């Protein structure tokens, strides 16, 4: 159903007129099994479904004066044909042959293939009804079988197909295509002036231009369209680029179909909440496991608890603050969110929080504000935790319950630049090792400060402009869908190159971002109004922080001492 929102000229039926906003209805009886779309199979067999000046011209037949004898013979034949009643068996066979031949014609028809690239729910339901009716007819022919087992099987199958047909009939009443002839009268000079229209799914795309601000047009136009359609509809305003010309379009779709799409992908279910709780417990376990990697070799269980509790507290503070900020911002914009799913990792303990949008976004500002609320609050909380820990310890040496960061942890990973900037190198230019560095163990860092440092790195990973990560959502709001798709592909490619170069984190995060958070968000109802200069500036600032935090700096922040491997007191220089 994702294709329901993307307006591509190649996947929809283009309906144009040279003189006015004109629609042609295709509702001949022989094509009723295939929904709205049909093809005129007269002398213009399977012609392009396009309203144009050529279609509007009337092709008059050649008038020839028939002879009286020929006219009398034709009248006699017509009279005989009308008086001869067709047999029921022959009519059923002819209808079945006609239906099969018609389906074969549709399979070979190029215009039908284009239409099925953007099928409507109504057309799909009618196609299923046709197949169900055909199966019922086949079962009725086999109902006289003498085998009792086959008879029972046919009876059960017939009951099942009958229920299926009733269900499809009810669904057909719900999902009917909108009558674009009625809808076109709702557009005008005071809302959105439509100059062209084409069918898209069970709704349509009206091409034209806005005459007033979108905030004024949207409620007024939705009310008029819903009244004309006899049911609720949803309206989007977008920009469509064709032949290097940008046009404003208004897309109209039945609200029932949009609700069905969100219902099919909804995660606010019992299983969704169970999965969220399971991932939360798993993430707490990976945080506890990761904490043990940085203890002293002779650490006791009390030392472990003393180190793990601050790290847990730091992570929970970052996650809690960012989650509250995200929920409050989403509620302010009227957007429903799914349960939040933690991403466990045995490298950083947690790789962030994921959730989906379960309702339509009102505009690009909402698409921008919600991910920015999460990432900005996580950055600020992480920075405050690190600063508070360093201030309380009075130094950068970790205090009494320090975690010891091993040298291998600094090699070729995203923590390198920022952690080195905060705690300093293992040795300065003169070879003097930090006073509290432990030979063979690492540099001591306060657990609460380390939670803040990890929080900044994890937030930066989620700010990468890829798919439906927070950074991908921000890029889509700032630059549009096409540019965001290019950035997403480039980011996935760079992560793949990093993974092939030996970085397990790049490989794992690249696979996760591409396959689990790939794609793009549902378009906002207002895709025309930009986010504004202030939001654009904030997006650039967040992008710079992400870049500076994750930039692969193999030489370290202190270039002269970190070109060589880390070393400790007692090593030969």
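Using N, Cα and C of the backbone, Cβ positions are placed for all residues, glycine too.
Taken from Swiss-Prot, the feature coiled coil covers 122-185, and the record attributes it to sequence analysis.
As annotated by Swiss-Prot, compositional bias 'Basic and acidic residues' applies to 52-62 (among others).
What Swiss-Prot lists as compositional bias 'Basic and acidic residues' is 96-105 (among others).
Per Swiss-Prot, region 'Disordered' is recorded for 38-105.
The transit peptide feature in Swiss-Prot is assigned to 1-50; the stated evidence is sequence analysis.
Cβ atoms under 8 Å from those of the transmembrane segment (274-294) belong to residues 304, 307-308, 311-312, 315, 339-350, 403-406, 409, 442, 445, 447, 450 of the same chain, restricted to positions at least 6 beyond its ends. Annotation comment: Swiss-Prot describes 274-294 (among others) as transmembrane segment.
According to Swiss-Prot, the transmembrane segment annotation covers 305-325 (among others).
Remote same-chain residues near the transmembrane segment (376-396) are listed as 314, 317-318, 321-322, 324-326, 422-424, 445-449, 451-456, 458-459, 538, 542, 545 (criterion: CB distance under 8 Å, separation of at least six residues from the stretch ends). Annotated transmembrane segment per Swiss-Prot: 376-396 (among others), in sequence order.
Annotation comment: Swiss-Prot describes 414-434 (among others) as transmembrane segment.
Positions annotated as transmembrane segment by Swiss-Prot, on the basis of sequence analysis: 441-461 (among others).
According to Swiss-Prot, the feature transmembrane segment maps to 493-513 (among others), an assignment based on sequence analysis.
Sequence annotations record features per position, and here Swiss-Prot assigns transmembrane segment to 536-556 (among others).
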Please indicate, using numbers and ranges, the residues of the same chain that are 6 or more beyond the transmembrane segment (305-325) and have a C-beta under 8 Å from a C-beta there.
284, 287-288, 291, 294-295, 299, 340, 342, 349-350, 353, 373-378, 381-382, 385, 401, 403, 446-448, 450-452, 454-455
